[in-house]
Amino acid sequence: MSSLMISTAMKGKAPYRQVRDGYIAQPHNCAYHCLKISSGCDTLCKENGATSGHCGHKSGHGSACWCKDLPDKVGIIVHGEKCHR
């Protein structure tokens, strides 16, 4: 009975979307560099499906765009790896 109630309660809800927070990456684990006074990161992050973004500091990469709720299909900087163009 309880499984019927759960499946009924789930009807009409949006499909589950996997997201995470992180520094959005260009190819080769490179950062999108930014200026703290610019809204460029918020725009970049939203264009890639995140809810928001801002300019932060990523150790080893410098200033970089950080995104909130970025879809899993969009790459983020891998910790411990340098940009290798």
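Every residue, even glycine, has its Cβ placed from backbone N, Cα and C.
Per Swiss-Prot, the disulphide partner of Cys55 among Cys34, Cys45, Cys67 is Cys34.
Note: Swiss-Prot links Cys41 through a disulfide bond to Cys65 (candidates: Cys30, Cys65). Here Cys67 is paired by Swiss-Prot through a disulfide bond, and of Cys45, Cys83 its partner is Cys45. Cβ-based crowding with a 10 Å cutoff singles out Cys34 as the top-ranked of the disulfide-bonded residues Cys34, Cys55. Around Cys45 (disulfide bond), the C-beta neighbours below 8 angstroms that are at least 6 residues distant in the chain are Ile24, Thr51, Ser52, Gly53, Cys65, Trp66, Cys67, Lys68, Leu70. Rounded to a whole number, the distance between the Cα atoms of Cys41 (disulfide bond) and Cys34 (disulfide bond) is 7 Å. Here the disulfide-bonded residues are Cys41, Cys65, Cys67, Cys83, and the one whose Cβ sees the fewest other Cβ atoms within 10 Å is Cys83.
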